[in-house]
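Going by TrEMBL, these are the annotated features:
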type     : residues                     : note
ACT_SITE : Glu193                       : active site, proton donor
BINDING  : His10, His12, His190, Asp271 : Zn(2+) binding site
BINDING  : Asp272                       : substrate binding site
DOMAIN   : 5-324                        : domain 'Adenosine deaminase'
SITE     : His214                       : site 'Important for catalytic activity'
Amino acid sequence: MNLPPLAELHLHIEGTLEPELIMELAARNGVDLPWGGLEELREQYRFEDLQSFLDLYYANMAVLQRREDFAEMTRAYLERARQAGVRHAEIMVDPQAHLHRGVDLATSIGGVADVLARSEQDYGISTVLIAAFLRDHPVEEAQQVLEDLLAMGAPIDAVGLDSAEVDNPPEKFVALYDRARAAGLRLVAHAGEEGPCSYVSQALDLLRVDRVDHGVRCLEDDALVRRLVAEQVPLTVCPLSNVRLRGVASLEEHPITEMLRLGLNVSVNSDDPAYFGGYVDENFRCLAEEFDLTRADIAALAANSFRGSFAEPRRREEMLALIRRWEEGEAPTP
Ligand code: ADE
Ligand code: ZN
């Protein structure tokens, strides 16, 4: 199955660190990981819930030491994304997590941004950089990191909110989002992944986000669904992630097709593809097989990904035109 051009809107760059690269960087940087080798590391990729994944995700970040390590990870993602048909990517990075282990902002943000600055020429992928903040840490810490990013002129386009969701509601972060909005940044936040659907409402009403990461639990509230449909709030759904983190019992029970039929603005994304069994193309292929998606369904999901993006209007229109041609059965674009 070939795919139309895609935008990937929900992607944690640290979640693209493949086990092989983790072991390579650990050896190169002299980092002692708790696992003896590649096989033992691979055995860790069985998760009970979001927290059990986050424990491994943060532990593996230890191998990212130099600016070039961040650049190498970013190049590896863009190369894989190009093969998946991604033409625009909005990439989250967790600078706060790196600061906690003594890696400064210039190293983490700088290493990723060095590669993104040339992503369109080098990979044919336009990119947006999102600094994500850790909701299980104090808001004051996030505010200081945002001030530091702004003071250094970091090339960030948006802010996000991630990490452990339950008991860390969006309302804790109003001041952070007010500051980011005043600085001209776009706003996204994880909500309704493991947390209740009231967090989706809070993200919209209190943080005034442009889109919601995940949002699948919105289905528990009919009034909220009607609002999300009416306002066409983009929801960046991550099917394989939801199954691996047991937010959804199986792919068969995933509500994405129901969400599409309800008229929600849903897109398909990979979240942390090195951990959840697939990049965005694999997410699409698993869905297509499970639900017998039609060409029109795939085109609708792809179009939503560009409509929910922060891509330049010209880029967005160019890609939407290509998706319409793909839907009509024309040959895939190179
Ligand atoms: N950080 C990386 N991946 C995440 C996810 N799926 N949810 C919350 N925080 C994350
Ligand atoms: Zn995520």
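Using N, Cα and C of the backbone, Cβ positions are placed for all residues, glycine too.
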Residues among the recorded positions Glu193, His214, Asp271, Asp272 that border ligand 2 - Cβ under 6 angstroms, in sequence order: Asp271
Cβ under 6 Å from ligand 1: qualifying binding-site residues of His10, His190, Asp271: His190, Asp271
For His12 (Zn(2+) binding site), the one of Glu193, His214, Asp272 that lies nearest, given that the recorded positions are compared by Cα: Asp272
Most crowded position, judged by CB atoms within 10 A, among Glu193, Asp271, Asp272 as recorded positions: Asp271
Same chain, 6+ residues apart, C-beta under 8 Å of the C-beta of His10 (Zn(2+) binding site), given in sequence order: Glu90, Met92, Asp213, His214, Thr236, Val237, Cys238, Ser267, Asn269, Ser270, Asp271
Site of maximum Cβ density within 10 Å, from recorded positions His12, His190, His214: His190
Any further residue of that chain within 8 Å (Cβ to the Cβ centroid of His10, His12, His190, Asp271) of the recorded Zn(2+) site: Leu11, Gly15, Met92, Asp162, Asp213, His214, Thr236, Cys238, Ser241, Asn269, Asp272
Distance, the residue listed as 'substrate binding site' to Glu193 (active site, proton donor) (CA atoms, angstrom): 14
Pairwise CA distance, the residue listed as 'substrate binding site' versus His190 (Zn(2+) binding site), rounded so that it is a whole Å: 14
Averaged pLDDT score, the domain 'Adenosine deaminase' (5-324): 98
DSSP state at His10 (Zn(2+) binding site), helix/strand/coil: strand
